[in-house]
Amino acid sequence: MEDPRRRTTAPRAKKPSAKRAPTQPSRTRAHAESCGPQRGARSRRAERDGDTTEKPRAPGPRVHPARATELTKDAQPSAMDAAGATARPAVRVPQQQAILDPELPAVREPQPPADPEARKVVRGPSHRRGARSTGQPRAPRGSRKEPDKLKKVLDKLRLKRKDISEAAETVNKVVERLLRRMQKRESEFKGVEQLNTGSYYEHVKISAPNEFDVMFKLEVPRIELQEYYETGAFYLVKFKRIPRGNPLSHFLEGEVLSATKMLSKFRKIIKEEVKEIKDIDVSVEKEKPGSPAVTLLIRNPEEISVDIILALESKGSWPISTKEGLPIQGWLGTKVRTNLRREPFYLVPKNAKDGNSFQGETWRLSFSHTEKYILNNHGIEKTCCESSGAKCCRKECLKLMKYLLEQLKKEFQELDAFCSYHVKTAIFHMWTQDPQDSQWDPRNLSSCFDKLLAFFLECLRTEKLDHYFIPKFNLFSQELIDRKSKEFLSKKIEYERNNGFPIFDKL
């Protein structure tokens, strides 16, 4: 007697009988990009299992599991076997459920998978560099289990417009007053001009508008740079010709312009001018060894920190150490790179470390103005993140990574050597490596953030993070940060990554 279940579905059978045999779960998803499914994976599985998108249209899987063998056996490769072709998907539904639902790995595999390919389903793209060779647990469990958590963190980190305007208004009053008074008084800094830099002006500030960076730039014509011990980043500054009456001659140590002397006088003038400000509660913070900034503390009533950085502006060619830096040709374009390198470069009084002390005559190259341009024009498409263009999650990943490091530093003094510039440098390299806007789709925020974590962990493991503008200057060298600190940070990031970022719950 013909099975009545087969008669009810006979009019819809058009699939070839070659699709009958059930298959094992496909591993094509293991090779998918972390920012979206791989398009080829579905079509290859369809050749063996039938089009999985048709499964919901088939009759409900009412066949008892005990009937699976009987139905498969009854089905014959015949042109009239229409009913058998439609009944068979019900036999395979339990297997397909494990394949199609990435949220149920425990159903498919109660133990950690022995096949290394299978693990890639939850940890990101297989071709990325990262902490894969560290022996640490691999799966970005936080990103996988709580995809909305990162978005909630970003919402809390978003600055309120009211707070921004109030803080910016107060800072601008203080900075403009200092700038005017310095330009009016007869001193070596009469020609200074303002240049806004830092995370606030790059629109990547997090939590609260309580930190600002402002450059007071001073043009110095016809200077000659002497690289300090082949660092590529630190230089001795000399004048090719010192005009008679040049006020900067007061800061010379022989032929070399002393960064320490110049910063000391700059600091003295700012302290004098701050004392004249009566309507705002502002003071000058104690000097920090090796810091190029004069830090102001404004109470508004909340405390606002303002770093005023003296910078020498040179309109000459960029130093030879930067020739291979700024590798944006395949991302923002060769023309943009050429134009950026035609802009002036800057030197700040950040001294090179010499053992346990600092070399007081040295200056360090600064590219804050170029970094600001990149962050505000980060898309391969000119309209990226504009009101009329598609959005990306580049800056969101940067904010999350900055916040993660910031919170870890608050808890562990072993991380004092690390700073947000390390995060910024790492993500510049990631944007260069993955230049397409589609690779930073906001819908894939968790996997994009995990890519950044993996890259940063690999930099810590290999102790190598090249300066984005000066490739031979390694920001993670043993001379700058000891190995123990890098291993400590790596373990803390791995813990957060594999446990759903519990540190974010403290926000």
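From the backbone N, Cα and C atoms, a Cβ is placed for every residue, glycine too.
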Swiss-Prot annotation (motif 'Nuclear localization signal') - matching range among 138-148, 281-291: 281-291
Candidate ranges 252-275, 372-395, 468-491 [criterion: Swiss-Prot lists as region 'DNA-binding']: 372-395
Which of ASP279, ASP307, ASP354 belongs with GLU211, ASP213 in the Mg(2+) site listed by Swiss-Prot: ASP307
Further binder of 2',3'-cGAMP named by Swiss-Prot next to ASP213, GLY290, ASP307, ARG364, LEU365, SER366, taken from the candidates LYS190, LYS278, LYS323, LYS350: LYS350
Position flagged as ubiquitin cross-link [Swiss-Prot], chosen from LYS162, LYS205, LYS240, LYS410: LYS410
From LYS73, LYS152, LYS409, the one Swiss-Prot labels ubiquitin cross-link: LYS409
Near-site residues: Zn(2+), ref HIS378, CYS384, CYS385, CYS392, CB cutoff 8 A to centroid: GLY379, GLU381, GLY389, ALA390, LYS391, ARG394, LYS395, ASP437, TRP440
Segment-level pLDDT (mean, integer) for the region 'DNA-binding' (158-201): 81
Alpha-carbon distance [LYS402 (ubiquitin cross-link); SER368 (GTP binding site)] in Å: 17
Cα-to-Cα gap, CYS392 (Zn(2+) binding site) vs LYS382 (SUMO cross-link), nearest whole Å: 12
Pairwise Cα distance for LYS156 (N6-lactoyllysine)/LYS382 (SUMO cross-link) [Å, integer]: 28
Other CB atoms within 10 A, centred on LYS156 (N6-lactoyllysine): 11
